[in-house]
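Here is the structure we will look at.
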Amino acid sequence: MKVGIIGAGFVGATAAFAMAMRGSCSEIVIVDADNAKAKAQASDIEHAVPFSFAMTVRDGDFQDLKGAKVIIISAGVNQKPGETRLQLLERNANIFRDIVPKVVAIESNAVIVVATNPVDILTSLTEQLAGLPEGQVMGSGTTLDTARFRALIGNELGVDPQHVHAYVIGEHGDSEVFAWSSANVAGLSIPSFCKARQVRWNEEIQSQIADNVRKAAYHIIEGKGATYYGIGAVLARISEALIRNHRAVLTVSANIPEFGVALSLPRLVSGKGIDGLIGVQTNDEERAALERSASVLREALSAIS
């Protein structure tokens, strides 16, 4: 199966490298306006292939996306230190207005995965521009935030994060919502698990975890200029779910008519794309926060629609 990646920057290249190391697909095509950069990234990753899984990694143009099962769009300008994801919107929206129609004209059967920030609004824009069937466009959403959330909870509780079931929903950004009320380990709520295991837990710890997740990208950008390893792994995981029909539950972003914008909720991701909305149990406070998050996104989307 072929995966096309549009954008040879940090995120696109790291996603390609993650796929090569994981054996996510049989062919990767990297497309970028800077042809020399796309060629260099593809060559560099191709030289790592003998140490992982057999596959083809090459550069190409839009025509080479024909036949791709998954097309990842990671093209765009980088987030500056101190800049919110929403402030990126106008700079990246014009790039998508150019790219998306070209992608659909060449391969309308591919599932489009948006990775460029602000990902929720650009996912909404991509859905509008593409005109593809429901479920065929998604954003990486809060998949990385959810992984960070589970990792920090697991570290605090002394549990493998893979056995922590907790979700970050809403915007991939400052208004994201932590669904604490449904978070659990082995079917036990976090407070119940901590009581049974005699692990210290209080609102201060809970608030610190949420704050660390929300500010993670800002700290990384401040230290090295960009985030890419985490999101690269996320894009590899999403691609595998699509290519191998994993029917994985992931907090990808997609449009919800009820909210009038794309945002993240747990969804079933299969070979056909988004195969249904799973949703998540929330309390009144979390539901209100989710509605506020949707309002933030709608306001930003209205500025470019």
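Residue numbers in this text run from 1 along the chain shown.
Positions of Cβ are set from backbone N, Cα and C atoms, glycine also.
Note that the structure is a prediction, hence the values are computed from the model and not measured.
Residues annotated as active site, proton acceptor in Swiss-Prot, with sequence analysis given as evidence: His172. The secondary structure of His172 (active site, proton acceptor), as reduced to three states from DSSP, is coil rather than helix or strand.
Among the features that Swiss-Prot reports, NAD(+) binding site is placed at Val11, Asp32, Lys37, Gly76, Val77, Ala115, Thr116, Asn117, Ser140, with the record citing sequence analysis. Within 10 Å of the C-beta of Val77 (NAD(+) binding site) we count 13 further C-beta atoms, all protein chains included.
Secondary structure from DSSP puts Gln79 (substrate binding site) in coil. Summarising the annotation, Swiss-Prot assigns substrate binding site to Gln79, Arg85, Asn117, Pro118, Val119, Asp120, Asp145, Thr146, Ala147, Arg148, Thr227 and lists sequence analysis as the type of evidence.
The secondary structure of His165 (beta-D-fructose 1,6-bisphosphate binding site), as reduced to three states from DSSP, is extended strand. There are 16 other CB atoms within 10 A of the CB of His165 (beta-D-fructose 1,6-bisphosphate binding site), with all protein chains counted. Positions annotated as beta-D-fructose 1,6-bisphosphate binding site by Swiss-Prot: Arg150, His165.
Counting every protein chain shown, 16 other Cβ atoms lie within 10 Å of the Cβ of Tyr218 (phosphotyrosine). The feature phosphotyrosine is assigned by Swiss-Prot to Tyr218, with sequence analysis given as support.
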Recorded positions clustered about Val119 (substrate binding site) [Cα within 10 Å; pool: Val11, Ser140, His172]: Ser140, His172
Spatial neighbour of Lys37 (NAD(+) binding site) that is closest, considering only the recorded positions Gln79, His172, Tyr218 and their CA atoms: Gln79
Diameter of the NAD(+) binding set by C-alpha atoms, the set being Val11, Asp32, Lys37, Gly76, Val77, Ala115, Thr116, Asn117, Ser140, in angstrom: 24
Between Gln79 (substrate binding site) and Val11 (NAD(+) binding site): CA-CA distance (Å): 12
Cβ neighbours of Gln79 (substrate binding site) where a neighbour is any other Cβ within 10 Å: 22
Densest Cβ neighbourhood among Val11, Val119, Ala147 (binding-site residues), 10 Å radius: Val119
